[in-house]
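Asks: Pasting the feature list from TrEMBL:
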DOMAIN    72-262  domain 'ABC transmembrane type-1'
TRANSMEM  12-34  transmembrane segment
TRANSMEM  71-91  transmembrane segment
TRANSMEM  103-121  transmembrane segment
TRANSMEM  141-159  transmembrane segment
TRANSMEM  188-209  transmembrane segment
TRANSMEM  244-262  transmembrane segment
Amino acid sequence: MTPSRLLTSKKVFIGSLLLVVCLMMLSPVLWTAITVSKPTNVAFLNPPTFTWDPSFRAFVDLWETTTFHQYLLNTIVVAVISTVLALVLGIPAAYALSRCPGWVAAGLLILALVFRALPRFSVLLPMYEISKQIGIYDTNLAVALALVAINQPFSIWLLRNFFAAIPRSLDDAAMLDGCSQFQVLRKVMVPLMGPGIITAGLFIFLFAFQEYLTALILSDVNAGTVPVFISTQLGQTLPLLQQAGAAAMLLTFPVIAFAFVAQKYLVAGLNAGSVKG
């Protein structure tokens, strides 16, 4: 076999393998979409039917007969607040770590990642008690602040890699021109960090948008998010199960579309700090 044919065969094999993996990953989403599009009387038949008249009544009922819109609003508010706060706090911290001696930055980053890896309950239970005591339990602010604390280590680690790729000579040149350290960050670094900030913001937003456990523990009636709403529909009647599927679709499709549109920033985030050959 010639080298060109061997290369083509290798590409076909890798492409086919990736296609199979993608289909396996997307199969739950596709199955949920199919179930939601069926009439209720055939949606949960066993064995399933593969011919039906498409019906999107579940989406209409979800919006008209439930308080889903409030859960959706809470989800968006929590995701936006947590993203903004995480970036406001994470950018200065990441910049400072990128300019620290190597062993200091490495130690602090390891501590941050250890905190991120702690069992979620060990972090959320103290937050639950504190939010009760200061009167913010069952508010979007409580859920957003908890998500900031949980996702902050990841955002700092990601942003730090972007800052580390910027030459320190730019800091020195700006300080020779009379800039303070904060002015260097605000006037020089932040404008250069556009892709990094967008990448970190996208990751944090996506994490917050689909977070379940934090909202479940820190909310009761007023601050529930879409994942919490979906969990309340499970184990109920078949129409409610279809509504849960419709809610899952409304939660999933924006995330997929968001990731597809912003894929170059997400890939940049995964490659941040890597060495180019």
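A Cβ is built for glycine as well, from the same backbone N, Cα and C atoms used for every other residue.
Because TrEMBL annotations are produced automatically, they should be read as predictions rather than curated entries.
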Asks: Kindly say whether the transmembrane segment (244-262) and the transmembrane segment (12-34) touch, using the definition of 3 or more Cβ pairs under 8 Å where each pair is 6 or more positions apart.
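Replies: When sequence-distant Cβ pairs are counted, the transmembrane segment (12-34) touches the transmembrane segment (244-262), since at least 3 lie under 8 Å.
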Asks: Same chain, outside the transmembrane segment (12-34) by at least 6, Cβ under 8 Å from its Cβ: which residues?
Replies: 245, 248-249, 252, 256
